[in-house]
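Student: Quick paste from Swiss-Prot:
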- 32-90: domain '4Fe-4S' (DOMAIN)
- C49, C52, C57, C73: [4Fe-4S] cluster 1 binding site (BINDING)
- 104-133: domain '4Fe-4S ferredoxin-type 1' (DOMAIN)
- C113, C116, C119, C153: [4Fe-4S] cluster 2 binding site (BINDING)
- C123, C143, C146, C149: [4Fe-4S] cluster 3 binding site (BINDING)
- 134-163: domain '4Fe-4S ferredoxin-type 2' (DOMAIN)
Amino acid sequence: MNGVFLAIGALLPICLAGGALLGYAAVRFRVQGDPVAEQVNALLPQTQCGQCGYPGCKPYAEAIAAGDKINKCPPGGEATIRALADLLDLEPEPLDAAEETPPRVAYIREAECIGCTKCIQACPVDAIVGAARLMHTVIADECTGCDLCLEPCPVDCIEMREIPDDVRHWKWPQPSPRLIASDRERAA
């Protein structure tokens with residue numbers, strides 16, 4: 001029993017000194033980040049897809065904090081653009097896609113899937129479920145359409161399909177910017 005107390009007595013001062021040293025180092029050598037970039041990064045979807053032209057969400061957040069446009073994130077969509085506009089006190093802008101494409105989700109042709117799990121490892125939002133050497137499937141509500149699962153698939157059994165319009169993601173058209181007759185009378 002004395003050996004246990006002796007070991008505790010010997011290790012306790014070493015642990016306390018190590019903890020104090022780590023605490024001091026954390027305060028002394030702290031890396032100051034941009035708080036605006038951290039807040040912007042928290043709003044981005046963290047898919048690391050690169051569709052915005054940056055290698056990941058953190059570099060894009062830093063670019064937004066430095067003044068870049070807030071409308072380059074297709075997986076985040078309009079909800080992210082509105083949240084960023086509210087945070088930065090900017091006007092929301094329409095999504096700046098290279099070409100206007102409808103929302104898409106990944107679809108795995110399960111009969112062709114060999115269960116290699118490479119698509120699961122590539123998916124940044126864990127929208128693909130399955131096990132090794134068994135078929136995989138995509139949870140459509142979780143998929144952001146980032147296309148990162150397509151390239152690693154060795155049998156090309158993954159395709160991107162357009163999401164059909166329904167009430168959950170249908171967008172109302174913007175009203176016409178022209179004045180209506182009653183507004184013209186008041187303006188005159």
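For all residues, glycine too, the Cβ spot is worked out from N, Cα and C.
Locate each feature and note its surroundings.
Tutor: Taking H, G and I as helix, E and B as strand and the rest as coil, DSSP gives the domain '4Fe-4S' (32-90) the counts 30 helix, 0 strand, 29 coil.
Here C49 ([4Fe-4S] cluster 1 binding site) comes close to P74, P75, P124, T144, C146, D147, L148: these same-chain residues lie at least six apart in sequence, with C-beta atoms under 8 angstroms from its C-beta.
Here the domain '4Fe-4S ferredoxin-type 1' (104-133) returns a mean pLDDT of 93 for the predicted model.
Same-chain residues at least 6 positions away in sequence with a Cβ under 8 Å from that of C153 ([4Fe-4S] cluster 2 binding site) are, in sequence order, C116, K118, C119.
Annotation note: C146 ([4Fe-4S] cluster 3 binding site) sits in a coil segment as assigned by DSSP.
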Student: Excluding C113, C116, C119, C153, please set out which residues of the same chain place their CB within 8 Å of the center of the CB atoms of the [4Fe-4S] cluster 2 site, keeping sequence order.
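Tutor: Not counting the recorded site residues, we get I108, I114, G115, T117, K118, I120, H136, C149, P152, P154, V155, C157, I158.
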Student: Once C123, C143, C146, C149 are set aside, which residues in the chain still have Cβ within 8 Å of the Cβ centroid of the [4Fe-4S] cluster 3 site?
Tutor: T47, A106, C119, A122, P124, V125, A127, I128, V138, T144, G145, D147, L148
Student: Please give the sequence-distant neighbours of the domain '4Fe-4S ferredoxin-type 1' (104-133): residues at least 6 beyond its ends with Cβ less than 8 Å from one of its Cβ atoms.
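Tutor: For the domain '4Fe-4S ferredoxin-type 1' (104-133), the nonlocal Cβ contacts are 45-49, 139-140, 142-155, 157-163.
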Student: Using all protein chains in view, find how many other C-beta atoms are within 10 Å of the C-beta of C52 ([4Fe-4S] cluster 1 binding site).
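Tutor: Here the count is 23.
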Student: In the structure shown, with every protein chain counted, which of the binding-site residues C73, C116, C123 has the densest set of Cβ atoms within 10 angstroms of its Cβ?
Tutor: C73
